[in-house]
Amino acid sequence: MVCTLQILTTDECIKEGILSKEKLTALSKQIIPDLYKKSKGEVGRIGVLGGSDEFSGAPYFGALTSLRETAAPIIKGYSPDLIVYPYLSKHYASKISRILEKLDVVVVGPGFGREVEQIALIQDIIETCKSLKKPLVVDADGLYALSTNVSVLLNYPKPGAILTPNRREAAKLIEAINSNNTHWYNYWGGNVSVLVKGYEDTFYTSVNKFNWSLLGGGSDRRTAGQGDILAGAMGTFYNWALKANLCDNENSLQVAQSVAAYAASKFTRTCNAHAFAENGRNMIASDMLHKIHSSFEELFGV
């Protein structure tokens, strides 16, 4: 199937309310790349940096979600389809940097850990991504590390970063930046957007007319690992939205972030709904992985 991209004109990009739910849904479908004559890696190289002895499942959920669309040996054992590097230590800083250079989008945080060395390494990774101008998704322990040094993300360059906190993590970030401003998400500059997860997912970006909230489409059962699935999906949709060039003016980044976040949120909620319909209260995160194909096909038709 060949997707014809809809490029928003300058007037449409600045028009108040242009990113309605209907427009977001349409653009989410249009960013999906055609697979025809594509070679390995052309659709995107997404790196999920995370995992520890205690939390080996989190990066697996994130990485496998992005793929299908010392914990390294453990994670590797989960799936032979994942490329796994056991390098999450400051001793491997140069190797990590070389890996980051090859990636289209970096997802940092799932299961990374919160020891002093791990926090410092996350902050170093953010700095490296900043210097490399890599699209960045920060989740889970990455958000915790950010809350201990919020300035590390200041003035992040294009093509920007997306934070994916839950309500509690968002409150910790707000406390860390000491902001009473309702536009606290602008602290890091115009290239950083935030998707606050919860019963209602809410997206915030520096261009307020591209903000949105999403209710429904999931279930009342939220499993451990669901946030990691969303982070992996976010990495994939972010890459696709950036490459789609949806908008032809200075708001192009914020449009791409808004569409990517909407697609990731809607997709994760649909996976959750399908898994809950089949498993009920017994649902776990791996049940959601089994619903990736059916959910993707339902939402995007490809």
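Cβ coordinates come from backbone N, Cα and C, glycine included.
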Among Asp34, Asp220, Asp228, Asp248 - the residue TrEMBL places in the same (6S)-NADPHX site as Gly111, Asn166, Arg167, Arg168, Glu169, Ala170, Ala171, Lys172: Asp228
Top Cα neighbour of Ala224 (ATP binding site) in the set of binding-site residues Gly111, Arg167, Ala171: Gly111
When distances run from the Cα of Gly111 ((6S)-NADPHX binding site) to each of the binding-site residues Gly218, Asp220, Arg222, Gln226, the nearest one: Gln226
C-alpha spacing of Asp228 ((6S)-NADPHX binding site) relative to Asp220 (ATP binding site), in angstrom: 18
Mean of the pLDDT scores, which run from 0 to 100, over the domain 'YjeF C-terminal' (23-299): 83
Residue, out of the binding-site residues Gly111, Gly218, whose Cβ gathers the largest set of other Cβ atoms within 10 Å: Gly111
